[in-house]
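Visitor: Let me begin by handing over the structure; questions about it come next.
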Amino acid sequence: MGEIRLPRHMFLWSMSVVYLFAFVSLYVQIPGLYGNEGILPARWLITPTEKPLAELLQDTPTLLWLCPQLGLDIQQGLELICLLGILLSFGAMVLQPLRDSMVFLCLWVLYLSLYQVGKVFLYFQWDNLLLETGFLTILIAPLNLFRWKSSFKYHDNITFWLVRWLLFRLMFASGVVKLTSRCPTWWGLTALTYHYETQCIPTPLAWYAHQLPQWFQKLSVVGTFVIEIAVPFLFFAPIRCLRLTAFYLQVLLQVLIILTGNYNFFNLITIILCFSLLDDDQVGSWFGHGKKKKGKSWPQAIISWAALLIELGVYVLIIYGTRLYFELEVDWETKSMSSKTAFTYHQFNHFLKMVTLPSIWIGVLSLTWEVVIAMFKCACVRGFFWKLWAIVQLAVFVTAATGIFAISLVPYTFIEYDTHSNIWPGVRKAYEMVDRYQVVNSYGLFRRMTGVGGRPEVVIEGSMDKVNWMEIEFMYKPGNVSGPPPVVVPHQPRLDWQMWFAALGSHSQSPWFSTLVHRLLQGSKDVIDLIQVDKSKYPFSQQPPAYIRAHLYKYWFTKANKDGSHPKRWWRRQYVEEFFPTVSLGDSTLESLLWQHGIKDNSPVERSPDGPIPDALRLLRAYIQPLSGPLVLWTLFCTGAAICLLKTFCSRAPRASKPRAAPAETKRKAKDSPGTGLEKKDQGKKREEPASIQGGSKVSEERSTDADRRVWKRK
């Protein structure tokens, strides 16, 4: 790797942006999700106890235990944590000195505090990924809070390497689990023919992607397998071009996912992890500041040609292996390409056993190489004290990097049983100790393709007389067949996501659904805001419904018209069965469900405490409540981005340059040349004048012209 100053700065700035997205997205949803009248009130999760604070933090590491000392209830504590996270992340976004290790430590602690009490609405892989990446950011960011300029340390390549290892684990595991799950759609290469319409919240482009021919969908699945299983091994390639190729392929995959699906900040984090594959030369080339090519000696030329041949050989090997194992054949008559899986499940398991352990050793060798280079740089430091200080810093961060790498092997080897069973017991014990802090995690995205026979969707209906029923339409999830899919990325409407998971099973598997129905019958404004911010689109905005029921439908994307135009409707649906029975307030069925799931709350809601902090929180909430999540999020981001752009333009604005003193040689020549007395006098006068006058003043032009004439006459 070359120098990584620019990718490192890009990584830190991008992580501050992702933290901003995460905190803002959750803040606007807190009252409806965790408020006193929300679906899962946080006061149920954090109950007063007489245990010491240290013991409470050890059991559940969250700052919400400090709410009584601050005079706040739990909902206000959640809001305060989100606001602190927004303030710090926004500051880190616009001010480089705040992209500091201590600031990112505070951001990580704040999000971990939310995660600990978030329960089902925060148990997503991207929340785990944000916490793990955020912990690595603490090690990568400089510790220079009281210094305006950040300095480059010799251990930066080592800590930044951990990001590359996380990217490898994420992508490789995501590709492997698709095949180890034995999902017939992944093995039959037909997963993407269902994916676009069955994902949680598709975008409008997903409808168009769904219309693509089946041969192209199958080829896309093959490309996904190649990018997620084969390409990650290029992350550790000693040849720079191979790493850059891997970077562009990974970013291409993530951008396509962003265009066709609303996966909040998950794909953004994955792209940020890809920055670990870059160096300063590549980033500089994007802005036209790449290094100029210099002439090479014959040994360098031989090495370059050898690297080029190896690079071409790797590309040929990947293409040949793809064609061999997926039997790719081009049909020139129909202008299509056929493909099918040419290996069995047992053959893939054998391949997985062969590569899992070597992949660990590849990681060991790559990390060792970074450590050796850093040690060599430390040895070249001048001065005994500075050399000793660099070695001490290096030792600390090498120990931290080695520890994190060793612990990460436990969740990484979940993909292969034999390798996992051979992990050293001491490493397992260390992993169990840090598991609650989400320092390392296991990943496996889209393990199985759901909704093959149609996208299951729960539709809630309300009525005042049990005769006339009106559907309650959500802002984001599919409901109205004529409504286009929304674009809400990077905001994550967590209730809409859980509605998608609830449709995959019965309502008893989603206990929170009973609470949702109960809150709608009560007319909870906080919960209604999760469904519709615009009250005109909520049919029971004036009065809560007397009865509520829920039906299960199956949804499909409509097909394009014969002329290729878009039809009037985006969806078509078919009724399946009743999902939740008809209930009303005080209904025995609803009461029994609430008691059965342990979510019946008879304790009176205490009045929110008064004080400057609670009053400020209530005032801000009243201002934000009428706004939608994406609007608040993008407003803050655009404001921060505008500030960053203004700072960039101001720093690059041309400034009046001071006149430079004449070099010694010029003075010596002027001294020895004939007839320079008058020239010296005129040059001295010029030197005393401002630079702006010297550049274009009429007076200076006349003086120089007169001086030239006098010299010419003298000659």
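Glycine residues also receive a Cβ, built from the backbone N, Cα and C atoms like all the rest.
Copying in the features that TrEMBL gives for the protein in this structure:
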TRANSMEM  12-30  transmembrane segment
TRANSMEM  74-95  transmembrane segment
TRANSMEM  102-123  transmembrane segment
DOMAIN    123-283  domain 'Lipase maturation factor 1/2 N-terminal'
TRANSMEM  129-146  transmembrane segment
TRANSMEM  215-235  transmembrane segment
TRANSMEM  265-281  transmembrane segment
TRANSMEM  302-326  transmembrane segment
TRANSMEM  355-376  transmembrane segment
TRANSMEM  388-412  transmembrane segment
DOMAIN    439-581  domain 'Lipase maturation factor 1/2 C-terminal'
TRANSMEM  631-650  transmembrane segment
REGION    656-715  region 'Disordered'
COMPBIAS  678-690  compositional bias 'Basic and acidic residues'
COMPBIAS  699-715  compositional bias 'Basic and acidic residues'
Visitor: Most CB pairs under 8 Å with the transmembrane segment (302-326): which of 74-95, 102-123, 215-235, 265-281?
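Guide: Between the stretches 74-95, 102-123, 215-235, 265-281, 215-235 has the largest tally.
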Visitor: Please figure out which one of 74-95, 102-123, 265-281 racks up the most CB pairs under 8 Å against the transmembrane segment (129-146).
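Guide: The stretch with the most contacts is 102-123.
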Visitor: Who are the long-range neighbours of the transmembrane segment (265-281) in its own chain, taking Cβ under 8 Å and residues 6 or more past its ends?
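Guide: Those are 1-7, 10-11, 14-15, 17-18, 21-22, 25, 125-126, 129-130, 133, 160-161, 163-164, 166-167, 170-171, 235, 240, 243-244, 246-247, 250-251, 254-255, 257-258, 290-291, 490, 492, in sequence order.
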Visitor: Count the residues of the domain 'Lipase maturation factor 1/2 C-terminal' (439-581) that DSSP assigns to helix (H, G, I), to strand (E, B) and to coil, and report the three numbers in that order.
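Guide: When I sort the residues of the domain 'Lipase maturation factor 1/2 C-terminal' (439-581) into the three classes, I find 33 helix, 35 strand, 75 coil.
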